[in-house]
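Inspection log for the structure reproduced underneath, given as structure tokens.
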Amino acid sequence: MKKVAIFLFAALMGATAQAAEYKIDTKGAHAFIQFRIKHLGYSWLYGRFDDFSGSFQYDESKPAESSINVEIDVASIDSNHAERDKHLRGEDFLHVEKYPTATFKSTSYEPMGNGKGKLSGELTLRGVTKPVVIDVEHVGGGKDPWGGYRQGFTGTTEFALKDFGIMYDLGPASQTVEMILDVEGIRI
Amino acid sequence: MAARNSEHRYGWVAIALHWLMAPAIIGMFALGWWMRQLSYYDPWYRQGPELHKGIGILLLALLLLRLAWKAINPRPGDMPGQARWQVVTARFAHGALYLLLLAIMVSGYLISTADGRPINVFGWFEVPATLQGFDNQEDLAGEVHEVLAWSLMGLVALHALAALKHHFVDRDATLRRMLGLRGNPPSRPPRKEVGSPATGSPASNQ
Ligand code: HEM
Ligand code: HEM
């Protein structure tokens with residue numbers, strides 16, 4: 001499981017232009033890095049990373065120039081079961097002692113219209129850096145009631161555990177993990 | 001054999017607790033070590049930890065009983081003729097064994113109950129979580145548990161070697177009285193006369 005995460009963003013087409021940098025609102029916890037993986041092929045198991053930070057650039061008039069960087073404290077994994085979390089943090093899985101942080105740095109964004117797009121980037125997890133593509137959708141954006149300005153996106157991606165050096169065998173139905181990424185950024 | 005300890009001998013309660021717990025504790029170490037390497041699809045992947053936790057809680061109960069029993073019983077005296085440092089070292093080691101056991105059991109409990117889940121003991125009863133929720137509790141407690149378990153095994157090895165040395169080298173009654181055996185130490189006469197052999201039982205040098 002595990003996996004990590006990341007982010008997303010990007011863009012959207014159209015809409016009004018606000019070229020700007022946004023800080024991901026982890027303080028208010030309006031951002032979630034979640035994963036799910038099949039258990040035995042019989043059900044989905046969900047978990048999340050509680051501690052991460054990052055920011056993104058987004059301009060509604062030039063979505064192709066969107067970018068994002070996210071850094072995750074891998075030890076903050078929480079699958080709602082202490083004994084399992086301990087195992088996930090250990091060498092069989094995330095090996096957090098040796099690889100405490102995971103990062104995602106976007107390299108390009110390809111708008112597909114309708115607020116959707118493909119965000120490419122490099123995911124570093126467990127010491128391995130590999131390209132991943134996140135399917136992104138702009139959820140909404142605009143002024144908030146407290147004087148700020150926000151944009152939010154949701155995204156998903158999927159990768160094989162063993163691509164990032166996680167060799168523990170969870171069974172044939174559990175070779176890949178899905179990441180479910182939601183971020184809301186506050187313009188800075 | 002008397003249930004209670006005397007000034008010279010262990011009673012059967014102390015002896016039974018010692019020999020019931022010793023193999024169980026060594027078995028717990030082996031089980032703990034082994035169960036961590038099981039693959040996810042191993043039938044023991046779930047049963048191993050269940051067994052480890054269940055036996056662990058029962059051992060904790062026995063340990064508390066043992067300490068209470070120790071508190072209300074005399075301590076059999078030291079073997080005559082032992083160097084002072086040996087007597088002090090042995091007492092210190094016995095205290096350390098008790099402390100390590102207690103700390104290992106508590107840390108094990110803190111791993112399993114870190115998220116508020118109780119520990120189920122073979123379906124007989126549940127031990128509820130109490131302390132929980134400090135950051136990464138399961139990892140911290142796990143590290144403590146592992147380090148102390150190895151320390152305990154090291155000390156137990158020394159402890160057993162010391163017992164064997166008393167028996168085969170010093171030829172005193174240390175091991176025999178923990179086994180509940182009466183009579184003289186092994187047949188070969190002691191290398192040096194100590195205590196008062198005429199009385200037939202070792203005199204305390206306290
Ligand atoms: C005589 C007492 C005990 C001994 C000698 C012992 C020994 C061990 C050992 C050697 C391990 C493997 C450590 C590792 O490689 O990380 C272990 C793991 C474990 N023990 Fe114990 N243990 C004892 C009592 C307990 C008790 C009372 C509990 C809980 C009620 C407990 C819960 C656990 C748990 C949950 C693990 C798994 C840790 C993991 O999977 O990372 N143990 N134990
Ligand atoms: C996990 C294994 C073991 C543990 C935790 C353990 C623990 C202890 C403790 C705490 C005492 C002190 C009893 C008291 O409070 O008076 C003791 C006494 C003793 N143990 Fe062990 N023991 C273990 C294994 C063994 C083994 C394998 C042997 C023999 C080879 C042994 C031989 C003895 C003897 C002879 C005494 C009596 C010492 C005396 O009279 O001063 N023990 N043990």
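Yeah, the Cβs are placed from backbone N, Cα and C, and that goes for glycine too.
Feature annotation from TrEMBL assigns domain 'Cytochrome b561 bacterial/Ni-hydrogenase' to B:9-180.
Marked as region 'Disordered' by TrEMBL: B:179-206.
Taken from TrEMBL, the feature transmembrane segment applies to B:12-34 (among others).
Under the heading transmembrane segment, TrEMBL lists B:54-72 (among others). Listed by sequence, the residues of this chain that lie at least six past the ends of the transmembrane segment (B:54-72) yet keep a Cβ under 8 A from its Cβ atoms are 13-14, 17, 20-21, 24-25, 27-28, 31, 98, 101-102, 105, 108-109, 119-122, 127.
Outside the transmembrane segment (B:92-111), and at least 6 residues removed from its termini, the chain residues within Cβ reach (under 8 Å) are 25, 52-53, 56-57, 59-60, 63, 67, 119, 127, 131-132, 137-138, 141-142, 144-145, 148-149, 151-152, 155-156, 158-159, 162. Feature annotation from TrEMBL assigns transmembrane segment to B:92-111 (among others).
With a threshold of 8 Å between CB atoms, the same-chain residues lying at least 6 positions outside the transmembrane segment (B:147-168) that come near it are 22, 25-26, 29, 32, 79, 90, 93, 96-97, 100-101, 103-104, 107, 174-176, 178, 185-186. Taken from TrEMBL, the feature transmembrane segment applies to B:147-168 (among others).
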Given the transmembrane segment (B:12-34), its same-chain partners at Cβ distance under 8 Å and 6+ residues beyond its ends are 1-5, 48, 51-52, 55-56, 59, 62-63, 65-66, 69-70, 73, 101, 149, 152-153, 156, 178-180
Across the whole of the domain 'Cytochrome b561 bacterial/Ni-hydrogenase' (B:9-180), what does the mean pLDDT come to? Round it, please.
95
